[in-house]
Amino acid sequence: MKLFPLFADLQGRRVLVVGGGEIAARKVQLLLEASADVRVGAPALTPELALLAAQGRIHALQGEFRPDWLDDAWLVVAATDDRAVNAAVSQAAQARRIFSNVVDDAELSSFQVPSIVDRSPLVVAISSSGVAPVLARRLREKVESLFDHSLGALAALAARHRPRIRERRPDLKQRRKFYDWLLDGPVAALLRQQRPEEAERLLETALQAPQDDGAGSVVLVGAGPGDPGLLTLKALRALNEADVILYDRLVSPAVLALARRDADRVAVGKRPGEDHDATQARIHALLVEHARAGRRVVRLKGGDAFIFGRGGEELEYLRAHGVRYEVVPGITAALACAAYAGIPLTHRDHAQSVRLVTAHCREDEDTLDWAGLAREHQTLAFYMGVGQLETLSARLIAHGRSGATPFALIENGSRPEQRVVSGRLADLAAVARSHGVRAPALLIVGEVAGLARELHWFGAHLEGQRPAPAALAA
């Protein structure tokens, strides 16, 4: 270990920053956040630093660096663009046995400022010992994505109640269990939802109870269409906290690979030919069963759970059975697939509205407004439509939509195997058959679909042509 990590208490202690530019200003802001007594020395200051000096938040020393600026200083930061000045600061600090940092110059520094993830009172510092600062920044970005901004509030809440937690849970095992509940349960969820008063009340109520109720909870998570990079930070956190994951058939293996390794994974996806209502009833029962067993359950759905995902039905069931829940939205297939195909869903020249439509209706009724769907200057995004392509095109054309209207079929959208097949609405079913298009695939109908030919950037793009009659007969 080349450098020894330290966390310094700078509250009220003098720190000198030599330099008056933008880099110096960034260092000053960090030091002020740590409540340091900051002095800034330079021939001239940026407007930001000058304002801080005028407000009395820093003390300005105007002119060229002098060693006596170091009087009573605990630390010094050199942030000028002149290496000779920086070296003079470093030498003067070393002579006085004061730790010094020269920005972006490890050779002249006796301490380094790490990349920081601030969730005060929790702080994470990352250093590459000056060897690879870009790598340290990359790691910081990854760590930032793992820790919600509510984590600081949660740590502060736990610290405030620590004496009472110790009093009410004197047994070490019970106390650890309570902290697990506090950090992973509904109190943390309320803080993530920016509801601190309710979180405080819930913690107070829990402390009054003789023991934890052991109740679990359900998080309804939208997994997006497949690319794990499209997961939200909240979705990633939920996957890492889950005890059990009930996932749909269309959730990609790459997304599941990001989940907590020891979480139970239960496939509950519906398959063609199954009784979907019976399958949904089984999912409802599993959600309640696992939650009542005290588990943290993630219900993982492709796309967004509230866009043709029956998420509303599941929440109604959970509410009726007294199970706590929260919802993490996902990027729905229409948005992601269109973007990955280079298709803008709206365009000032072609489409002023977008309609998301399911082609998988109840078997006993067709409730779609075909006349409304056939209007021009709008984009239609059909979900679950691969088995209904002939009907979709025929009804749109019958209700007035031109057979020359462009379409795009996006198969396995956002995944490495993505294909986009485009053509004319009149040829939709025939083109899909000739290219062997299979689910999962999203159908986009409208003038904007024609832009995929020029704007596509990901995966394969195939320009569909209606097969010749002989080919169709074969």
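All residue numbers here begin at 1 and follow the chain in the order shown.
A Cβ is built for glycine as well, from the same backbone N, Cα and C atoms used for every other residue.
Annotated region 'Precorrin-2 dehydrogenase /sirohydrochlorin ferrochelatase' per Swiss-Prot: 1-203, in sequence order. Mean pLDDT of the predicted structure over the region 'Precorrin-2 dehydrogenase /sirohydrochlorin ferrochelatase' (1-203): 91.
Per Swiss-Prot, NAD(+) binding site is recorded for Glu22, Ile23, Pro43, Ala44, and the stated evidence type is sequence analysis. Under DSSP, Pro43 (NAD(+) binding site) is assigned to coil, being neither helix nor strand in the three-state scheme.
If you take the C-beta of Ser128 (phosphoserine) and look for same-chain residues 6 or more apart in sequence within under 8 angstroms, you find Leu135, Ala136. According to Swiss-Prot, the phosphoserine annotation covers Ser128.
According to Swiss-Prot, the feature region 'Uroporphyrinogen-III C-methyltransferase' maps to 216-474.
Sequence annotations record features per position, and here Swiss-Prot assigns S-adenosyl-L-methionine binding site to Pro225, Gly302, Gly303, Asp304, Ile307, Thr332, Ala333, Met384, Gly413. Over all protein chains present, the Cβ of Gly303 (S-adenosyl-L-methionine binding site) has 29 other Cβ atoms lying within 10 Å.
Cβ neighbour count for Asp248 (active site, proton acceptor) (all protein chains, 10 Å cutoff from its Cβ): 19. Feature annotation from Swiss-Prot assigns active site, proton acceptor to Asp248; the stated evidence is sequence analysis.
Of all the Cβ atoms in the protein chains shown, 17 others lie within 10 Å of the Cβ of Lys270 (active site, proton donor). Taken from Swiss-Prot, the feature active site, proton donor applies to Lys270, supported by sequence analysis.
Spatially, by CA atoms, the recorded positions Ile23, Asp248, Lys270 include one closest to Ala333 (S-adenosyl-L-methionine binding site), and that is Asp248. Note on Glu22 (NAD(+) binding site): other Cβ atoms within 10 Å of its Cβ, all shown chains, come to 11. Cα to Cα, Lys270 (active site, proton donor) and Ala44 (NAD(+) binding site) are separated by 68 Å.
DSSP classifies Ser128 (phosphoserine) as coil under the three-state reduction. Under 8 Å, Cβ to Cβ, and six or more positions away along its own chain, Gly413 (S-adenosyl-L-methionine binding site) finds Pro225, Gly226, Ala333, Ala336, Cys337, Tyr340, Ala341, Pro440, Ala441, Leu442. Here Gly303 (S-adenosyl-L-methionine binding site) is positioned 42 angstrom away from Ile23 (NAD(+) binding site), judged by their C-alpha atoms. Set side by side, the binding-site residues Ile23, Ala44, Ile307, Ala333 differ in how many other CB atoms lie within 10 angstroms of their CB, and the most is found at Ala333. Same-chain residues at least 6 positions away in sequence with a Cβ under 8 Å from that of Pro43 (NAD(+) binding site) are, in sequence order, Gly20, Gln62, Gly63, Glu64.
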